[in-house]
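Asks: Below are the features listed in TrEMBL for this protein:
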REGION    27-87  region 'Disordered'
COMPBIAS  40-51  compositional bias 'Basic residues'
COMPBIAS  52-78  compositional bias 'Basic and acidic residues'
DOMAIN    196-290  domain 'Nucleolar complex-associated protein 3 N-terminal'
COILED    418-454  coiled coil
DOMAIN    523-676  domain 'CCAAT-binding factor'
Amino acid sequence: MKARRNKKQIPSFRKLLKTSKVKLENKLKNKQFKQQSTLKKYRKEQRKLRQAVKDAVSKKPIPLEDPKEKRPGKRIEREEEEEEEALPLDMMDEDDLQLMRDLGQRASFLTRDLSSSEPVHAKKRKHEHVIDKYEKIPRALQTAPEKELIHLLPIKDKSGIIPQTREKPGKSNQSASVLIKILKHLIERRKKLEEKKMHIAALGSAILGDPESNIKKLKEIRSMLTEQDPDVAVTVRKLVIISLLELFKDITPSYKIRPLTEAEKCTKIRKETQKLREFEEGLVSQYKFYLENLEQMIKDWKQRKLKKSNVVSLKAYKGLAEVAVRSLCELFVGGLLMSHFIFQISEMCCAAVKELFKQDKLGQASLGVIKVISGFVKGQNYEVRPEMLKTFLCLRIKEVEVKKDTEDINKPKKFMTFKEKRKTLSRMQRKWKKAEEKLERELLEAEASESTERKLKLHTETLNIVFVTYFRILKNAQRSPLLPSVLEGLAKFAHLINVEFFDDLLVVLHSVIESGDLSYRESLHCVHTAFHILSGQGDVLNIDPMKFYTHLYKTLFKLHAGATNEGVRILLQCLDVMLTKRRKQVSQQRALAFIKRLCTLALHVLPNSSIGILATNRILMHTFPKTDLLLDNESQGSGVFLPELDEPEYCNAQNTALWELHALRRHYHPVVQRFAAHLIAGAPSEGSEALKPELSRRSAAELFETYSMAEMTFNPPVKSSCSKRKSEVSQGDSFLNEDLNQLIKRHCS
């Protein structure tokens with residue numbers, strides 16, 4: 001083999017440029033250092049020379065210095081100043097040198113303070129000018145009060161006893177010192193918090209960059225949930241909760257992670273597979289511990305339990321619990337808090353469970369949550385929030401398995417045996433078949449989406465639990481506030497109920513209505529549920545629903561005519577199911593009675609309710625053409641109309657007319673006026689009295705929502721009515737014609 005040549009890598013131009021720049025900087029620094037050292041050396045020599053000259057000239061006189069001024073620190077400073085200010089001897093003139101020699105012979109020159117402006121022998125004449133000197137001293141005004149001192153215990157050292165004093169603190173000093181302490185504390189807290197944030201961000205970035213290699217760092221982040229620093233403990237714990245939530249949402253795989261069997265643990269696998277298994281195990285364990293930590297925070301808050309360390313106060317536990325609940329809702333495991341006494345927490349949990357039901361395509365997660373909710377409702381003796389059962393309405397269940405047995409569902413795929421392969425396949429085909437079956441087995445184990453039969457099985461089991469919950473409440477808690485939610489759920493899933501339960505369920509619904517314990521809204525829910533049952537698989541049953549028609553006809557005048565319109569919304573749904581969709585089972589007398597009573601009801605309710613009711617009457621007049629006799633005043637029949645009778649079949653509605661439409665034609669809302677004029681004209685589809693497409697193509701429920709009064713505004717805006725002046729109003733006999741006046745006079749005389 002050829003020996004490898006040790007080729008030296010040629011540096012790039014940028015690297016050469018960078019290297020040359022560094023070399024130039026180093027050379028410049030060395031040059032400056034040499035200049036400084038040379039200058040120092042030169043100054044040292046000059047100082048020695050000056051000292052020698054002084055000693056020689058002055059014959060070494062003894063300096064008469066003040067012993068109090070002998071301080072090494074000041075002497076060093078003076079020497080340094082002399083070094084900087086002194087000039088070398090070669091730069092001095094001969095006259096200057098001679099002057100220095102003359103002054104050096106005098107002792108006062110050496111002992112005198114040159115910074116003083118006084119003459120040398122001022123002390124001898126000091127007593128002569130004492131008063132003048134005192135007068136020349138500037139006066140200082142005493143503006144600030146004298147400071148009070150507090151005498152403390154003295155300190156004793158080698159030199160003797162040293163007294164200790166301290167300024168007495170005042171109110172302003174105390175407040176200033178407190179403010180300074182607070183500011184320092186806030187600055188320290190901010191620094192600590194920034195450090196913790198950077199640490200969490202660094203760990204999170206590492207995990208997101210390579211989850212399989214850095215899965216152990218999840219434990220390091222989770223350990224910060226027990227932060228003990230009282231300054232930042234609450235904030236850091238909240239940040240850790242939210243950070244872990246986002247990390248789990250990002251790195252959690254879309255496939256299902258199942259526990260390994262003993263055989264799989266013993267088999268030898270590749271390094272990549274082993275790394276993936278370690279990642280999955282670490283992710284599942286850290287996820288489990290994270291949920292346990294969140295649950296413990298909520299328990300501590302509910303029990304008002306304070307830890308021994310006292311790092312977090314009881315008030316701070318509420319904020320931690322709210323963040324924990326929000327995180328649990330994000331992770332779709334907040335089912336047990338859906339009935340909490342605090343509305344915000346209950347609302348968050350219910351919204352999270354609804355979102356889970358809407359996004360769960362397989363049904364396995366929904367089944368687990370439904371089991372928890374059903375057991376919780378039963379354990380609480382049906383004393384839970386109605387919103388908890390309203391979450392069932394978001395289940396994505398459209399069909400269930402009702403014909404096949406559960407044993408036949410989700411049969412495993414059969415593979416060919418060795419004997420079958422040997423009989424039918426060649427050697428090469430058997431080899432390919434073996435590889436194909438191995439691949440299919442791996443795909444069946446790892447695939448995320450379940451088969452249709454598996455989904456049907458899960459939906460069937462889920463719906464069975466839902467119906468068991470509903471039937472328990474109908475049987476044991478008929479006066480519970482959960483009844484409207486139960487009836488609404490039965491109405492939605494009525495087409496999935498087994499036909500065998502229809503008779504018993506209708507009997508229970510009728511008995512609940514007849515008990516008289518229900519409000520009008522709950523009664524409407526009962527009627528709606530009953531007809532949903534009969535409109536699906538119940539068509540094959542020989543059941544007479546006349547008693548439900550009678551109850552709805554009786555309930556119409558009990559609707560609330562004020563701001564709440566929830567009853568009208570349910571009413572429109574009931575009328576659509578009972579009259580429009582069951583047109584073949586509805587008699588003409590029944591249709592006439594409902595149209596008449598609905599027109600009377602339209603006079604009393606809000607505009608959007610009137611529009612929905614008139615739209616329903618329009619559909620009924622198209623569905624039952626012979627009902628146009630209500631628009632004719634001359635049509636006569638047997639009997640007299642009995643508006644107070646609650647039996648639609650026997651109230652003789654054919655002997656009345658829709659005079660209410662003429663009153664609605666003068667309604668203050670323009671859309672109500674338009675519908676009334678349209679019905680008076682016989683509800684034509686063409687011509688001047690026909691409705692516009694935006695009104696005719698919408699259902700009654702859509703029109704009810706479109707013209708809603710929830711925002712306390714009219715849609716479209718209503719014109720203000722201008723009252724007439726008194727001078728313009730006619731009075732007296734001008735209201736009557738002449739023939740009528742004469743008739744009145746004749747009868748009065």
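Cβ coordinates come from backbone N, Cα and C, glycine included.
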Asks: To what whole number does the mean pLDDT across the domain 'Nucleolar complex-associated protein 3 N-terminal' (196-290) round?
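Replies: Value for the domain 'Nucleolar complex-associated protein 3 N-terminal' (196-290), mean pLDDT as a whole number: 87.
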Asks: May I have the DSSP-based helix, strand and coil counts for the residues of the compositional bias 'Basic residues' (40-51)?
Replies: 12 helix, 0 strand, 0 coil
Asks: Looking only at the domain 'Nucleolar complex-associated protein 3 N-terminal' (196-290), what are its DSSP counts of helix, strand and coil residues?
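Replies: Reading the DSSP string over the domain 'Nucleolar complex-associated protein 3 N-terminal' (196-290) gives 68 helix, 0 strand, 27 coil.
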